[in-house]
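Going by TrEMBL, these are the annotated features:
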- Lys39: N6-(pyridoxal phosphate)lysine (MOD_RES)
- Lys39: active site, proton acceptor (ACT_SITE)
- Arg137, Met317: substrate binding site (BINDING)
- 248-375: domain 'Alanine racemase C-terminal' (DOMAIN)
- Tyr269: active site, proton acceptor (ACT_SITE)
Amino acid sequence: MKPYARDTWIEVDLDAIAANVSALRQHIPAHSEIMAVVKADGYGHGSEYTAREALAHGATRLAVAALDEALVLRRAGITAPILVLGYTPVDAMQTAVEENIQLTVYHLQWLQDAARLLIGSSKKLEIHVKVDTGMGRIGVSDEKELLELIHTITTNDSMRWVGIFTHFACADEEDTTHVKGQHTLFQERLKAVEQAGYKLPLIHCNNTAAAIVFPEWSYDLIRLGIGLYGLYPSDFIKQQHVLDLKPALSLKTRISHVKNMPPHSTISYGATYTTTDQEQIATVPIGYGDGFPRLLSNRGVALCHGKRVPIVGRVCMDQTILHIHSGDAQVGDEVVLYGKQGNEEITLDEIAECLGTINYEVTCMLNYRIPRVYLRNGKIVGICHGIANKFLEEYRKMAGI
């Protein structure tokens, strides 16, 4: 028995993750650390395995979006420093303290409420202050308010100021006016903090795009997000040919049914596709309920026997239908939806362009119903399956891993 019951799975190449960390490690200054961003379950790749691989090949820290994501990593036995990049409710702050998880702070009232809750605590809350320099999202914008925040932190024995950072809105674009303006403002804020008599902690601003284009801005660390997974933040960044990143994710399935349909047969909900001749129609067990986009209905393609075949009719919740031009498909044949098969490849950038979105969203949409199979040197070294978590140990024994 396979370690998952349905013939649909994601393969994550851990060698690619390792190579991508190493590539960035060589590109940025030697003194700059790498913080691997594994939010959104590692951008759909699985946070536990990608975090471990990143840490084993040059990353020293991790970042997530929410405290719950950090707790998943702690429960997996990962002890590296973890920063929560997003908002954390103040009533959850004590959990972060107990689990040695660093929080992003940008609001004075939050700090004051946290200070009251920390009275009598034997452990300190570790804080990274977020500065908004032009993203317009979370972060402190006003210089006076920034200094008040830092004063509150540094005069409280239950708090430790460990970082200050900003986030670039347009680092992946050819026009560098905005990102350079943000960096200049960030430098001004850092100077103001120093002039006020504070010693600066860890400084960071570069995401993947900025680290590639402006490695000299790497400061104490960079936040490696999309590049960790072998994807470029934009076509412009990819075309710089600075780094050869290796995509880590493939989405695969197997044909569950084959039939030869006569002309004028309609396919799937809404009868949006009609056969013109006798056509071989194959069904695969994946649909929008798995995070495979319904927008690929009558637009997307898959790979079967190393050739592109069109998706016909509407993508269903649990199944998708293909037209096999060659007419030689059989039940059990492997189909690749994202990734390589033979000499053909369907890239995540291609899918994103078809959907009018970005590659980040394509991988993040892939949900817990699809098992993640982790490979090293082409061999399975791990499996994560959201549905079957309580049976995971049994599944691993079945797979011999």
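From the backbone N, Cα and C atoms, a Cβ is placed for every residue, glycine too.
Recorded features from TrEMBL, shown on the structure.
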residue	record	contacts (Cβ under 8 Å, 6+ apart)
Lys39	N6-(pyridoxal phosphate)lysine	Ser47, Ala63, Val64, Ala65, Ala66, Glu69, Leu85, Gly225
Arg137	substrate binding site	His167
Tyr269	active site, proton acceptor	Gly313, Arg314, Cys316
Met317	substrate binding site	Gly287, Tyr288, Gly289
Over the domain 'Alanine racemase C-terminal' (248-375), what does the predicted model average in pLDDT? 98
Across the domain 'Alanine racemase C-terminal' (248-375), DSSP yields 24 helix, 50 strand, 54 coil
